[in-house]
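Over in TrEMBL, the protein carries these features:
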type	residues	note
TRANSMEM	A:6-24	transmembrane segment
TRANSMEM	A:53-71	transmembrane segment
TRANSMEM	A:77-95	transmembrane segment
TRANSMEM	A:116-133	transmembrane segment
TRANSMEM	A:153-170	transmembrane segment
TRANSMEM	A:182-200	transmembrane segment
TRANSMEM	A:246-268	transmembrane segment
TRANSMEM	A:280-303	transmembrane segment
TRANSMEM	A:372-397	transmembrane segment
TRANSMEM	A:443-463	transmembrane segment
TRANSMEM	A:475-496	transmembrane segment
TRANSMEM	A:516-535	transmembrane segment
Amino acid sequence: MDILTWTYILVGLSFALYIGIAIYTRASSTKEFYTAGGGVSPLANGMATAADWMSAASFISMAGIIAFSGYDGSVYLMGWTGGYVLLALLLAPYLRKFGKFTVPDFVGDRYYSNKARVVAVFCALFISFTYVAGQMRGVGIVFSRYLEVDIESGVLIGMTIVFFYAVLGGMKGITYTQVAQYCVLIFAFMVPAIFISIQLTGNPIPQLGLGGTVQDGTYLLDKLDGILVDLGFHQYTSGRKSIIDMFAITLALMVGTAGLPHVIVRFFTVPRVRDARLSAGYALVFIAILYTTAPAVAAFGIYNAIDTVAGQPVDNLPDWVENWQKTNLIVVEDLNGDGQVQYLADPEVNELTVDKDIMVLAAPEIAELPNWVVGLVAAGGMAAALSTAAGLLLVISTAVSRDLFRTFVPGMTEKTELIIARLAAALAVIVAGYFGINPPGFVAEVVAFAFGLAAASFFPVIIMGIFSTRMNKEGAIAGMICGLVFTLGYIIYFKFIHPELNDMGHWWFGISPEGIGSLGMLINFAACFVVSKFTPDPPEDVQEMIQEIRIPRGAGKASEH
Amino acid sequence: MNDHKQQMKKYWKQNIKTVLVLLSIWFIVSFGFGILLAEPLNAIKIGGYKLGFWFAQQGSIFTFVILIFVYVYKMNKLDEKFDVNEK
C-alpha cells in the first residue's frame, strides 16, 4: 500500500479511538468538566500531562531546531524539562491541597481580592490564546501535509475533532484522550529514531547512539563537528549564544513552563497531594523519553542530510529528497551548474536549503522504513497537535465560565455553569480556528514569548502565595502588572517597534527578548516584595489558609467554594 | 495545640530544606554544568560525548527525573514522620 493510504488508515483509526474515548468518558458535572472529578491516577495524569505539554512543535520542529543550532538548542531541552522540577517541588502539591479548579481561583482566594483574580484571568486568557492560535495553525499544517488537503480544510478538520471531544468531554474526556494520544505520539517518534540509530551507529538506543561511532569508527559528534567546520558552519557541540543569554532563555522557559495554566491545572485532577508529586515525576519521565531522543534524531538527521545529499550529483539524489522537494521543505539548486550539490555556510554559494521540520517528517524515508511508519508519524504529529490544543481550550473555557461568570454571577446553578463552560469552549475553538486559518503575522512570533509572559506574571505570585505568609494583595497585583508590562514592553519594542535594533549590542545585559521573561520574573518578585512592605499584612484567615495548604493531610477532592 | 503548631513549623522547615538541597542540584546540573561550565567540561570526553554538551542535552534531563522521584520519596517519609500523610 502507498504512503497516503496508510496515512488515511492510521490517522482514521486514531481519530476513531479519540472520539470513542470522548463519548465513553464525557463529563456530566462541573467537577468532571474542570478536573475530571479529581479521580485520575497519577500514572494516567502523568501521561496526559506529557501529551498536553508536547505540542506539534515539540514533536515535529524541535529536533530540527536542534539539528541546525547544535549546542544552542539545549535551551529548549533543559528549559522545557527543568520546569517540571519547579512544578513538582514548589507548586503542584500545594495547589492540589488548595483544592480549587483553576490558577485564577488560587490567586483570587489567596490574595482575597477579585481584582487580583481578574488580573490573573486576563493573564491566563492572553497566554492561552496566543499559544492556542499557534497550535491550530500547527494542526492545519500537519493535516494539510499528510492528508494532502489545503491548510484551511486541515484547520477545519482539526477544529471539528477538538470541538467534539473538548466540548463534550471536558477535562475528563480530554484526560483519557490525551493518554491515548501520548501512546500514539511516543510510539511514532521512537520507531524511526530507533531504526535510524541502528543504521547509523549500530546501537538501538538513540540516547547511546548519539555518543556512539559511525561506520568508519569515529565518534558521530566528532565527525559532525569536523564536517560542519569544514563547510564553514559553527561546531555542533559548542555554542554561539552568549552564556548570559543561554542562561536567561533557559530560566525563562523553565519558569514559564511551571507557570503555564494548562499545565498547572492538570495537577488538580489527581486524588491526593502525594499523587500530585508523583504525577509530576511520571509526567517528566514520559516527556524525557521524547526530549532525550530528540537531540539524537537531530544529530542523526543533519548528519544523514549532509552525508547523503551534500557533494552528490544533482541528478542522482536519494528518493526522499525527490519526494520532499515537492513540498519545498528541501530545495536543491545547482547554482554554479557543476552538477553537484554544494552545502556551505555562505548563502551566496550554498545550493541546499533544508527546512527544520524535515528531520522528523522525512526520518522514516531517510531510514528506508516501510510506508506504514510514515503514516504512523503522521498520526503522531496530529496526536501531539490535538492534545495540546484541547488542553488549552479547556483553560480558556474554564477561565470564562468559572473565573469570570461565577465571580460576577454567583447564584448560577451547576447546570447553567456547565452550559456556559461548553459554550465558552465552543467559542474558543472557533476563535482559535479563525486565527489558525488567518494567522495574524504576530502569532508565530508571540507563541515563543508565552513562556516569558507566564514566567513574569504567574510564577512569582504563586510561589509567594505559598512560601510567604506575609505577601498581600497589593504586592501580588503590583508584581503581576510590573512583570507583565515590562516583559511585554521589551518584547514589543525589539520585535515590532525597532526590530532593526534587535541584537546583542542593544539588549539589556545582553538578554534577548526570548530570555527577558527571567528578568521580568525578578522585577515581579521585587515589586511584590517592596509593595507588600508598605501595605498591611493579609488577614488572619488567609494566613491560616496558607498554613493549611502546606500540610498534605485533609486534601479532599478538588472542591466547590 | 501549641505543640501541634511547633510540630508543623518543624515539618515546614524540613520541607524547605529538602527542596533547597534538591533545587541546588537542579541548578548545578543545568545552569552549572550545562551552561556556565560547559566550555571547560567539554575538554572531558565520555564515549563520543563532550561532558558539557552531554549535560546540556542528556544529563540534566535524566537528573531532573531522578530529583522528582527523590523528592516524592523524601516527602512521603517526612509526611509519615510528622503524621500529616494522607490516609
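Glycine is no exception: its Cβ is also placed from the backbone N, Cα and C atoms.
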Practice task
Select the range from A:77-95, A:280-303, A:475-496, A:516-535 that forms the most Cβ-Cβ pairs under 8 Å with the transmembrane segment (A:116-133).
Solution key: A:475-496
Practice task
Answer yes if the transmembrane segment (A:182-200) and the transmembrane segment (A:516-535) have at least three CB pairs under 8 Å among residue pairs 6 or more apart in sequence, and no otherwise.
Solution key: no
Practice task
With a Cβ cut-off under 8 Å, give me the same-chain residues at least six positions beyond the ends of the transmembrane segment (A:153-170) that come close to it.
Solution key: 15, 18-19, 21-23, 25-27, 32-34, 36, 136-137, 139-144, 147, 176-177, 382, 385-386, 389-390, 393-394, 397, 421-422, 425-426, 429-430, 432-433, 436-437
Problem - When counting Cβ pairs under 8 Å to the transmembrane segment (A:77-95), the leader among A:6-24, A:246-268, A:372-397, A:516-535 - result: A:246-268
Practice task
Tally Cβ pairs under 8 Å between the transmembrane segment (A:280-303) and each listed stretch (A:6-24, A:53-71, A:246-268, A:372-397, A:516-535), then give the stretch with the top tally.
Solution key: A:53-71
Handout entry: the transmembrane segment (A:246-268) in contact with the transmembrane segment (A:475-496), cutoff 8 A, at least 3 CB pairs, sep 6+
Key = no
Exercise for the section: Mind checking which residues of the chain, 6+ beyond the ends of the transmembrane segment (A:475-496), have their Cβ under 8 Å from one of its Cβ atoms? Expected result: 107, 110-111, 113, 115-116, 119-120, 123, 442, 445, 449, 452-453, 455-458, 460-461, 464-465, 502, 506-508, 513, 516-517, 519-521, 523-525, 527-532, 535
Exercise for the section: Could you pull out which residues elsewhere in the chain have a CB under 8 Å from any CB of the transmembrane segment (A:516-535), counting only those six or more residues past its ends? Expected result: 247-249, 251-252, 255-256, 449, 451-457, 459-461, 464, 470-472, 474-476, 478-484, 486-487, 490-491, 508-509
